[in-house]
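The structure under discussion appears below in the form of structure tokens.
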Amino acid sequence: MEPLLNGRGLIISLIFFLLKFSTAIEIPPSVQQVPTIIKQSKVQVAFPFDEYFQIECEAKGNPEPTFTWTKDGNPFYFTDHRIITSNNSGTFRIPNEGHISHFQGKYRCFASNKLGIAMSEEIEFIVPSVPKFPKEKIDPLEVEEGDPIVLPCNPPKGLPPLHIYWMNIELEHIEQDERVYMSQKGDLYFANVEEKDSRNDYCCFAAFPRLRTIVQKMPMKLTVNSLKHANDSSSSTEIGSKANSIKQRKPKLLLPPTESGSESSITILKGETLLLECFAEGLPTPQVDWNKIGGDLPKGRETKENYGKTLKIENVSYQDKGNYRCTASNFLGTATHDFHVIVEEPPRWTKKPQSAVYSTGSNGILLCEAEGEPQPTIKWRVNGSPIDNHPFAGDVVFPREISFTNLQPNHTAVYQCEASNVHGTILASANVDVVDVRPLIQTKDGENYATVVGYSAFLHCEFFASPEAVVSWQKVEEVKPLEGRRYHIYDNGTLQINRTTEEDAGSYSCWVENAIGKTAVTANLDIRNATKLRVSPKNPRIPKLHTLELHCESKCDLHLKHSLKLSWSKDGEAFEINGTEDGRINIDGANLTISNVTLEDQGIYCCSAHTALDSAADITQVTVLDVPDPPENLHLSERQNKSVRLSWEAGDDHNSNISEYIVEFEGNKEEPGRWEELTRVQGRKTTVILPLAPFVRYQFRVIAVNEVGRSQPSQPSDHHETPPAAPDRNPQNIRVQASQPKEMIIKWEPLKSMEQNGPGLEYRVTWKPQGAPVEWEEETVTNHTLRVMTPAVYAPYDVKVQAINQLGSGPAPQSVTLYSGEDYPDTAPVIHGVDVINSTLVKVTWSTIPKDRVHGRLKGYQINWWKTKSLLDGRTHPKEVNVLRFSGQRNSGMVPSLDAFSEFHLTVLAYNSKGAGPESEPYIFQTPEGVPEQPTFLKVIKVDEDTATLSWGLPKKLNGNLTGYLLQYQIINDTYEIGELNDINITTPSKPSWHLSNLNPTTKYKFYLRACTSQGCGKPITEESSTLGKGKYAGLYDDISTQGWFIGLMCAIALLTLVLLTVCFVKRNRGGKYSVKEKEDLHPDPEIQSVKDETFGEYSDSDEKPLKGSLRSLNRDMQPTESADSLVEYGEGDHALFNEDGSFIGAYAGSKEKGSVESNGSSTATFPLRA
């Protein structure tokens, strides 16, 4: 922000200094001066519940003043031992102990030193007495019905204010109305009594709130007698009527009382509240009215209270004086009273004498003027005594001024001016100090000041000097005083530097000089960088219910950082620190967040920064967007058979321009109440000509769209009905549904209700064989389907469908080609051959069937195959048919996932939309041998110091004649290094075990076993184990295995192992890493290393650990394994099983991908180690 825009701090500083410069000159305490009263009590009331009563009087002066008191104009001495005085003060306390009523009176304090005497205003000390009603016996009052009566209260005197209440003994207020009234003095007036007024507990209560006291007068009894002369046989209504007729009378004033006559005078002080009351007795009850004679009652300040009996005028002014009349009336007459209101005023100052400091030989004047009604009398005092007792040569004393010439030190005194009239006295004091002194600078030397660049700096140099002094400022390093428009020196010595720059920083000297001498002080000025703000984003536009986030980026001088405070406001009103109670508005320092923004959140947001020296602000205009209000006042005009003009008025767009209008209609006879879109109109338009369909009763509505969204729909327009007409369109999507042979079921999309254009809708269907020179056949239907019998199967036909209604036909229809119903193919393909690709994959070729034998649209060919027997053992296999389909016109296909070394039967058939045709003759073929699956298990059944015995099980699928096994092993101690891989070819297929020797003692090995056929070896199974250590117990394993203690030890170890496995299982379920997995990571399968990304081991991990050693390929002596191919690769992606008619009969599970290596993982056998 620019410095000139930051007015708040500047304005406050200017006000402060202007006020400071306008005050009277303060004499430093070190300079001799007359006493000045600086604190005094006002009226003091001795409330009985106070602990003590303090009457204050404090004064300053040099020499230190002494204090004396007067009471009621006479000297007052502190002779009572209960009085507690204060040191260096005139204040004293009167403890609330014993009898203190004799302290009541008017006190005045005098503070004196050798130069003069200061006098306080009168201080009234009131010791209120406890108000009490006198103990008296009140005679019962007895009156006749209809008579007036007054119940007197006569409350006791006490400390005002006084509140009076009339209640019964149960503290229920006596109801007041036009007939019953309580006067200001507390008396209860009855204009005419009624029988219900009889009661024996009329009580007057007087409350004195300042004394916390309520007193009660003795209860009064009032008896109202019914009239005696009424006929006893008459009804109560008749008696009352007769009584009233006898007692009826014109009004007579009870207030003001009769003895005051028809006129009375009231004096009221200006500014107070005037109360005039008027109450009259009579029957019927008189009504009271008020008016001002020769003028009007003051409007806005006058009220009539208590059913018109009291006229109240607040804040009385001189214009309210005059004559006021109250008039009490009923139908028998009137009674009046005039009040002469006199407005007076206590004294008030118009000019008060001002204290001043003078030098010897100078002149001066004291003015004292006051106003009031009556005009106040003015008296002068000097040092508390009449001025006549202290004449000075050359002084001129008038009632309203005192003039001094050639003042001398002995003129030093305290002058008092008193203005008084009958309503009070006011006192004003003025000190006249005649002083000659060298300038005294009151600002400390070396004061430090700071301001920001571009702001004003104020350097103080407050001083006292008499005679008057001259002030000058200069920079310490410069000789000449400061001059120029940027510099201003105030009367009190303060230097103002406007529009400061960094060059203004430095030290300054203030010199004050008068006729007696001169004095100087220094001041230091630092210039800070101005605070800057930026609110972002600028002028955001945010949709309703979204979240608004404002950020206030601030930058200020490092010296001001500690005092920086940020605040937020909206439209000039500050946010609470904690935002709102509902938590929707959140303020976090420089960030303001408003959730679920509403339209009320729109406005100007201001971020303000305040530091010790400056302030800054930045604003952003937040615009809240909402969907538009619905359009209004829809109007239809230019009504035609197929069009109408729709006009509307736009609603409030809520700060986002309307981009378009959506016109919707309702009129669908089939779906009444359903609104459909008819057209869209650009946002700047509010009228459109709408194209209409015949035979529709339309109603329209409009939706406004802006960037936020859609408005609610408008209120619907009037209805507009169009006349019927012939169809203007024909059905679409003409097609044949699944039909039987030599049959066409023709279907089409029926015309919608809005497209029918009139009543009696029908469809005219014509057809003929395509290309045949025959007449069109025709049939008219009311629904949207027609069944036609044809002489040929799957023959093409030209078909037309035309819409017609009672008013005519639709346009000429277009012809479409449809086919009659299909039949199953009636011949089978001939299989040419089956080429064996490998042990699991073959290629089948066949001849396609002729087109005329398909009897429909050919969809493809299907291969069925099943395994008949295994060539390994010759066992027959139950027939389980597998299905694979090939779409389109083709004559070959690949059949994957076959069992190796087996015999199969295979057939081929064609299929169309109707279904599958006959199968070909079965073709017999055999698959060659493949590699075996991995052995079912591998175990280390015996281990010694340098030997190990392994046992294994046959593979589940041999896939050929087993030729032997390949056994491999290597060292895998608990490091990343692994040993060389050793191979053993086992050529005896029937041998299910092997004994290894020449192993290293106390060494961990990993073993790999593969089954082999003539086609190669299959996938390995692995196992790990450790050899035993050297020692005298090396052969103990064979000898002790039958000992009882060894069996017990093994049972204990087994139990411990079971517990550990359970713990590992739980840990693994909770996310822990299983130990077997760790070993697999540490010692990966060599096969896995060789084929790398083709790994599918149970514990394979994408994050394999690197190995320091390298392994030879396990495949070095083996042929590549043959692969099993997926049905997805060779069929049409549908590898489900199908029966003869193509329906789903089962799921097919293909084998692994090519080149994949499977492992069932490995387990570690644990054996006792020999020491």
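Just so it is clear, glycine is given a Cβ too, placed from its N, Cα and C backbone atoms.
The signal peptide annotation in TrEMBL covers 1-24.
Feature annotation from TrEMBL assigns domain 'Ig-like' to 29-124 (among others). Mean pLDDT for the domain 'Ig-like' (29-124) in the predicted structure: 92.
Among the features that TrEMBL reports, domain 'Ig-like' is placed at 128-223 (among others). Per DSSP, the secondary structure of the domain 'Ig-like' (128-223) breaks down as 6 helix, 37 strand, 53 coil.
Annotation source TrEMBL lists region 'Disordered' at 229-248 (among others).
Helix, strand and coil content of the domain 'Ig-like' (251-344), in residues and according to DSSP, is 6 helix, 56 strand, 32 coil. Among the features that TrEMBL reports, domain 'Ig-like' is placed at 251-344 (among others).
The domain 'Ig-like' feature in TrEMBL is assigned to 347-433 (among others).
According to DSSP, the domain 'Ig-like' (439-526) comprises 3 helix, 45 strand, 40 coil. Residues or ranges marked as domain 'Ig-like' in TrEMBL: 439-526 (among others).
Taken from TrEMBL, the feature domain 'Ig-like' applies to 531-623 (among others).
Residues or ranges marked as region 'Disordered' by TrEMBL: 709-732 (among others).
According to TrEMBL, the feature transmembrane segment maps to 1045-1066.
The region 'Disordered' annotation in TrEMBL covers 1077-1126 (among others).
Look at TrEMBL and you will find 1077-1095 tagged as compositional bias 'Basic and acidic residues'.
If you look up TrEMBL, you'll see 1152-1171 (among others) marked as region 'Disordered'.
Beyond the ends of the region 'Disordered' (709-732), by six or more residues, the same chain brings 627-632, 634-636, 639, 641-642, 644, 646, 648, 651, 662, 664, 666, 675, 692-703, 748-751, 755-759, 761, 763, 784, 801-811, 813-814 to within a C-beta distance below 8 angstroms of the stretch.
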